[in-house]
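All remarks here apply to the structure that follows.
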Amino acid sequence: MQVLDGKALAQTIKEELKVKVDAIRQAGGKIPHLAAVLVGENPASQVYVRNKVRSCEAVGFRSTLLRRPQDITQSELLQIVTELNADPDIDGYIVQLPLPAHIDEDAINLAIDPRKDVDGFTPVNIGRMTLGLDAYLPATPNGIMVMLDRYGIETSGKEVVVLGRSNIVGTPMTVLLSRKSNPGNATVTLCHSRTKDLKAHTLHADIIVAAIGIPEMVTADMVKEGAVVIDVGINRVDDASRSKGYRLAGDVDYAGLKDKVSAMTPVPGGVGPMTVVSLLMNTLKASQKR
Ligand code: GUN
């Protein structure tokens, strides 16, 4: 089995980005500047945002982290979004999800200027992506497309099963994989919690993308021999033998699948780092458009 090493690939792409940023600096151009808004103390979000900020530094971008307490009001958060939209120094920004329950995530998303929406979550960017127009593509699905491309995994004419219909992974993944492009041109089935006989679908898949958020739900009996498996899940599973009291598990039973599939992403070190580089690529693009 080939391990699809997102960590190593992301490092390669970051080095390529650094060369581009160095050239911009030499030419006296504007250094890309990403802002990230982190609300509350969600431990996973803190890790993700820290990785994003560190990765900006690693490639020579500027970054600004805006931390706000869990009890921030909707109007205070909207005010921050309005200020980021207007700030000429910020090329792009993200509002890390999930937001606290009292905040209307849709209202925040709708307030983000699509020209600064480097997460690719706003209706304009999702619409443009769906129409095949130039757009900021959502970071995780695009990171997976970059990975499939760089690893030379054929998608044209393949049967792909996407597990999970979230706005930020599953749904856009189906758009990118089915469009007329390379990678793309796949026959895509989107499965979700109401799918009857999930296994009947996954057993036919040449490629499975699992983005459901249930630890190790995809087991060896569900996959075809030689399939390619992309695991988007990052789940904390209680484990008293670890110093932190938990371990990270994907949505896929990696140990159970590794002798059956032809290629698979590990967790951690698979899709996660690709999401971050995809965000950096969008930020560079945003700064060059301005
Ligand atoms: N939460 C989980 N993934 C993401 C992401 O890609 N962007 C943001 N803003 N929040 C997330």
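Positions of Cβ are set from backbone N, Cα and C atoms, glycine also.
Note: TrEMBL annotation is automatic and uncurated.
Straight from TrEMBL, the features:
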type	residues	note
BINDING	Gly164, Arg165, Ser166, Ile234	NADP(+) binding site
DOMAIN	4-119	domain 'Tetrahydrofolate dehydrogenase/cyclohydrolase catalytic'
DOMAIN	138-289	domain 'Tetrahydrofolate dehydrogenase/cyclohydrolase NAD(P)-binding'
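Helix, strand and coil counts from DSSP across the domain 'Tetrahydrofolate dehydrogenase/cyclohydrolase catalytic' (4-119) read 61 helix, 19 strand, 36 coil. Cβ crowding, taken as the number of other Cβ atoms within 10 Å, peaks at Gly164 among the binding-site residues Gly164, Ser166. For Arg165 (NADP(+) binding site), the same-chain residues that are 6 or more apart in sequence and have a Cβ closer than 8 Å to its Cβ are Thr171, Leu190, His192. If you take every residue in the domain 'Tetrahydrofolate dehydrogenase/cyclohydrolase NAD(P)-binding' (138-289) and average the pLDDT, you get 97.
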